[in-house]
Amino acid sequence: MPVQGSQRRLLGSLNSTPTATPKLGLAANQTGAQCLEVSIPDGLFLSLGLVSLVENVLVVAAIARNRNLHSPMYCFICCLALSDLLVSGSNMLETAVILLLEAGALAARAAVVQQLDNVIDVITCSSMLSSLCFLGAIAMDRYISIFYALRYHSIVTLPRARGVVAAIWVASILFSTLFIAYYDHVAVLLCLVVFFLAMLVLMAVLYVHMLARACQHAQGIAQLHKRQRPAHQGVGLKGAATLTILLGIFFLCWGPFFLHLTLIVLCPQHPTCSCIFKNFNLFLALIICNAIIDPLIYAFRSQELRRTLKKVLLCSW
């Protein structure tokens, strides 16, 4: 992840400097301005990561176990869970290494720590990119299933889904490696921000279009059965509420992180922006919260998956 300054948090922990850069974030503001800084304890950070890790491991295990779930839709959901798993796991690993370095329980040279930091950054960045891509893929899959229902199984085949999955993983790893290598270039930050905005617009357009189709369908059924308008309005309100929750969670969890990147480009030295930079760990914690919420939205709502999950848990005992 892009940072401002010559040190990242792992190196700062190794050198035991009091002004070490927060995890993958920006250096503290030295202007003396009063800032609202939300501190995220390492224990809370590890706890959030552990919850996300367990949830997403269960999703992957359930989908892998049940052959009925080996469909394109669940393929994308499984890969989303795997991406979220890597996001949480990489941040837990970094936090654990930092704690060990600060406690003196782990001895390592600066060069080794730098390489480890680079590897963790690549894993974190690639898993974030792939997570966003799979959210878009799930939205596209649902869109095709609604608007091209009769041709869905000929359009979205398992081999094509696997090809999309492979392309997303390869592209995520490639671009994340380039982003980490050239993190101090403005173009890199702009590319990340544009990518986030593109995914946000794509998801909003697709889900709004699906909501409109659902309302039209409900209206047609109401007219067919000569029902009153409240039934149609109820469907519209329920769909709008679901859409607001889905896109709202996406924006609230991912938006601050990309706002952080945008401000690095627009006002890297401004005191107000520097105050926002201090809360980078909070923004990262929000992304991990999104990794906790994703299984609840996309996976655990499936009865088939829940039944398989119960079998997985019973077998583990």
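Including glycine, each Cβ sits where the backbone N, Cα and C put it.
Membrane topology taken from Swiss-Prot puts TYR143 and ILE276 on opposing sides.
In Swiss-Prot, the feature N-linked glycosylation site is attached to one residue out of ASN15, ASN29, namely ASN29. Range 119-140 is the one annotated as transmembrane segment, of 97-118, 119-140 (source: Swiss-Prot). Per-stretch counts of Cβ pairs under 8 Å to the transmembrane segment (280-300) identify 38-63 as the leading one among 38-63, 73-93, 119-140, 164-183, 241-266. Counting Cβ pairs under 8 Å to the transmembrane segment (164-183), the stretch among 38-63, 119-140, 241-266 with the most such contacts is 119-140. All chains included, 9 other C-beta atoms sit within 10 angstroms of the C-beta of CYS315 (S-palmitoyl cysteine). Under the criterion of 3 or more C-beta pairs below 8 Å, with sequence separation of 6 or more, the transmembrane segment (192-211) and the transmembrane segment (241-266) qualify as touching.
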